[in-house]
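Input: a single structure, listed below in structure tokens.
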Amino acid sequence: MAEALLAIDDLRVQFDRGEDEVFAVNGVSFSIAEGEALGIVGESGSGKSVTLMSALGLIRENGKIKSGTAKFQGHDLLKMRPRQLEDIRGRDIGVVFQDPMTSLNPVMRIGDQIMESMLTHQYAGRREAFERTLQLLHEMGIPEPKARFRNYPHEFSGGMRQRIMIAIALACEPQLLIADEPTTALDVTVQMQILALLQEQRQKKRMSIAIITHDFGVATNFCDRIIVLYAGQIMEMADTRQFLRQPAHPYTVGLKNSIIEIGQRDRQLSPIPGMAPTLTEPPKSCSFASRCPFATERCRSELPALREISPNHHVACHRAEEVLAHAI
Amino acid sequence: MAIAVSQAGPVAAPKRHSQFYLGWKRFSKNYFAVAGLVWVAIFFIVGIIGPWIAPYSYKDADFLAMHTGPSWKHLFGTDTVGYDVFSQILFSIRYALEIALGATCVSFVIGVILGLWAGLAGGIADVIIMRGVDFMFALPSFFFALILVVLLGKGLGPMMLAIGVPGWAGYARLIRSLVLSMRNGEMVEAARALGASQSHIAFKYMFPNVVGSMVVSLAFGIPYDLTAQAGLSIVGMGLNPPMPSFGNMLAAAGENILGFPWLLYFPAGIFAITLLSFLFVADGLQEAFSPKGGM
């Protein structure tokens, strides 16, 4: 495996809600290798965005990072001063957000918005930045870059706006691109185009992509490796192939069974009962136990550690082997 | 069968329309607003060139022609001292505009700075500024202006300050609420993810996005300041005679309303139409820039 570009270790994040505290991220450790596409999958509220955004210092005011390190190229992002982080954000790490309708500045021409990050980071001079913007628009598949340069965001469709967001994120040729639900707000046909575009850019620029999604299908299509988050903890982490062949965590199995596929009218969908919890105290037992069909007494009293059950396949479940062996 | 789906289908570039153009299109459909705009434009032009087109100086009283009715020599007649009412009105427009615009600028600048500060900094600064806003709203601002006139004097500059300073609270409250609604929004988060600094976000992202609302509230602020200024004159705390002002004219005309009603008709009529026009324009702007205006 190539050298780790971003290594997050034992990250813990809490939010202060006034009357109580929410434990959003509870000791998450993982790394992203150079050139790798990592998928972070989880339901809403599972802490998937918070994990990466807090590493970038983009955490809401009531959020606090309690412990952990996030080493980007060997430097701990969590210990950096805001100024240093500003330098890294947008230059070394690009971010694409979920909703291109609300993330772009409605009163700024899109060309200026793309140029802006290059100018802010002194990546290029005005002339150069302009040329590069035209080229980026072209690469993103936006026709007539010269004419479109001077358009405002409201003159574009959702898919086109997401392409512009990606152009902004890629403007300074970052080593890491964080895509936070990049396709969730888009039509399915456009979703695939955007994913294909990201994939193409990744291969061309040899950058790493961390894609945050609740869509298991998107993750398995796009990523080399997948992490499943639940209640701010890693439930399972393995190669995509392993996930497709044989997931070992009951939660992952449940996620897989909840996917609706076209033309499978007769297949019984088996949704996971209940709702994802919001932890108001640190987990002491398996957080999934209350929804797990295989839960035992041990699951309700003892916190399962993330362990490697086969090479590069990590699971946090007491009964992972049994799940794998279809014994239960 | 294979269906070719092009990666990026040829999308015809729509005709380019700036925000301003779209706003104008909506504005121009409101006939009252357009009529108001025409009158306001005339008002402004007269305010600029008034002193040159006035047939008489505002200081020259024709003692031989007091209380004459409208005639070709004195278009709107003459008043109790023999001043030409038409010329008086032209000069009044000049001073009224100067004071109203100056006062609005004063309130706006103070309001924007404090509002941005409260909204962006939060915490103790926010608390202090917002209690200041509460205080200003609790106190009648006209009363505050009176006190300031007493303290500062009656010139043009002091009048701007006296009317402008008490008016900051409304702007501050408006801009603070706009900033708060944006601060945790996705656009600002995206900007921060780009590595934009705090001041860059404030001036490149937040300010341009609140300008529309600010223009509307400015348009409502100007007629308010015009009225405040006239009110000060009526109670004798406005510009000193012989400097003409609508308030002075109205106060004097009111005393002679039975004998010489034209002294009231012309200034009051023009003043009322002007205020109404400003309000129509402001209303039109609000509609044009409202996010609910649709397209």
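Each Cβ is built from the backbone N, Cα and C atoms, and glycine gets one as well.
Residues or ranges marked as domain 'ABC transmembrane type-1' in TrEMBL: B:93-282.
Residues or ranges marked as transmembrane segment in TrEMBL: B:31-54 (among others).
Summarising the annotation, TrEMBL assigns transmembrane segment to B:99-120 (among others).
The transmembrane segment annotation in TrEMBL covers B:132-153 (among others).
Marked as transmembrane segment by TrEMBL: B:159-180 (among others). With a cut-off of 8 Å between Cβ atoms, the residues of this chain six or more beyond the transmembrane segment (B:159-180) that come close are 98-100, 102-108, 110-112, 114-116, 118-120, 126, 129-130, 132-133, 136-137, 139, 141, 144-146, 148-149, 152, 206, 209-210, 213-214, 217, 221, 224-225, 228-229, 232, 238-239.
Counting residues 6+ beyond its ends, the transmembrane segment (B:201-222) has Cβ neighbours under 8 Å at 19, 23, 100-101, 104, 107-108, 112, 116, 120, 167, 170-171, 174-175, 178-179, 182, 187-188, 191-192, 278-279, 281-282, 285-286, 289 in the same chain. The transmembrane segment annotation in TrEMBL covers B:201-222 (among others).
The transmembrane segment annotation in TrEMBL covers B:262-282 (among others). Long-range neighbours of the transmembrane segment (B:262-282) within the same chain, counting only residues 6 or more positions beyond its ends whose Cβ lies under 8 Å from a Cβ of the stretch, are 30, 32-33, 35-37, 39-40, 43, 69-70, 76-77, 79-80, 85-86, 88-89, 92, 216, 219-220, 222-223, 226-227, 230, 246, 249-250, 252-254, 256.
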> Restricting to the same chain and to residues at least six past its boundaries, which positions have a Cβ under 8 Å from a Cβ of the transmembrane segment (B:132-153)?
Replying inline: 114, 159, 161-163, 165-169, 172-173, 228, 231-232, 235, 237
>> Give the nonlocal contacts of the transmembrane segment (B:31-54) in its own chain as ranges (CB under 8 Å, at least six residues past its ends).
In response: 84, 86-87, 90-91, 93-94, 96-98, 273-274, 276-281, 283-285, 287
>> Can you tell me which parts of the same chain pack against the transmembrane segment (B:99-120), counting only residues 6+ beyond its ends and a CB-CB cutoff under 8 A?
In response: 126, 129-130, 132, 156-157, 159-180, 183, 198, 202, 206-207, 214, 218, 221-223, 225-226, 228-229
